[in-house]
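These notes concern the structure reproduced below.
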Amino acid sequence: MTTKSLPQMLKHAKPFAALILQQFGYAGMSIISKFALNQGMSQHVLVVYRHAVAAVVTAPFAIVLERKTRPKMTFSVFAKIMLLALLEPVMDQNLYYTGMKFTTATFATAMCNVLPAFAFIMAWIFRLEKVNIGRFHSQAKVLGTIVTVGGAMLMTMFNGPVLNLPWAKQDSYHHESINAANNQNSVKGALMIIAGCVCWSSFIILQAITLKSYPAELSLTSLICFMGTIQGTVVAIGMEWGNPAAWSLRSESMILASLYSGIFRSGFAYYIQGIVMREKGPVFVTAFNPVGLVIVAILSSFILSELMYLGRVIGAVVIVVGLYMVLWGKSKDKPPSEPIEKDLAATTDEQMTAKNETIRTQNQELVAIDGTTGKSGEEFV
């Protein structure tokens, strides 16, 4: 039995660590953005500032680090970038922030856990994810996705008894969260968040397809954020027409929300998920999304002193079980490059064998011709 060396183990752990770190960034963004929205910041303006910050931060790195490896820009790639900017920076973020404004940070994060199901179905349709129902590991991926989403819904819909944690107390913010989640706008907010998740899933699938023809993660991230800023500005001007005060950053939380979400949620997240996606696929990336709900619930308990319910703990355990099933099923899949490399190697070997056979046959024919010519010459003499 062979054991993996430390460098191999670290390389294997990198995608897991990167996506978990990404979920911590998502959790912080949800809480900070909710504070800013509660203080009157326009969600449409937040989208513009967020992606403007992301474009400014990632552009220098893309220019310097990928100046020699950046592929040539084609009309097809440019059209995909424009569509990517429309799907996530504009449509998804505007829908998500508006839905969060109608509900709470925890509720919005919980609703986003339908993302793995949407992404799995789309990846299956576009053949980015191999599924063979007759194979056990494929069944584990399908069932794991269902269990993960079910755990997220359990955390959302079932509270159960309150856990008396020493650091948690029922304060005004908790009352505000409950009232916000139960008001008549909750349904509207939930529908907006679900629609945003459809756009987000489409973005992830299209990003995976675009990276095949434009394998430059930093440049792609910077271009998406830049185009998203332009398109988002048009939307924000239309939605906030006649309200110039909406563009002012009147508090530190508004500035922090723009900087934090731009750097960590857009710039860092797009780049990280692009790198991991090229190696592991889009389903692997979205499978970690429910972890964000667990982090938000824990951080809300510590930072905001929100009450922790038994239902949330049970739902978190179910999410971990479902995530493990998906990751186990993915670990049994062959890397996307492996069959291609084998096919290329097999094709090359076949071509070399055929070429050698052709050369050998030609040599034999030349020898036969030379022998025949020599005999004819002797007979003539």
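Residue numbers in this text run from 1 along the chain shown.
Placement of Cβ uses the backbone N, Cα and C atoms for every residue, glycine included.
TrEMBL labels come from automatic prediction, so no person has curated them.
Quick look at what TrEMBL lists:
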type	residues	note
COMPBIAS	333-344	compositional bias 'Basic and acidic residues'
COMPBIAS	348-357	compositional bias 'Polar residues'
DOMAIN	19-156	domain 'EamA'
DOMAIN	188-327	domain 'EamA'
REGION	333-357	region 'Disordered'
TRANSMEM	16-36	transmembrane segment
TRANSMEM	48-65	transmembrane segment
TRANSMEM	102-126	transmembrane segment
TRANSMEM	138-158	transmembrane segment
TRANSMEM	190-211	transmembrane segment
TRANSMEM	223-242	transmembrane segment
TRANSMEM	254-272	transmembrane segment
TRANSMEM	284-303	transmembrane segment
TRANSMEM	309-327	transmembrane segment
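Residues 107, 110-111, 113-114, 116-117, 120, 129-132, 283, 287, 290, 293, 297, 311-312, 314-330 of the same chain, all 6+ positions outside the transmembrane segment (138-158), place their C-beta atoms under 8 angstroms from a C-beta of that stretch.
Mean model confidence for the domain 'EamA' (188-327) is a pLDDT of 84. Under DSSP, the residues of the domain 'EamA' (188-327) split into helix, strand and coil as follows: 121 helix, 2 strand, 17 coil.
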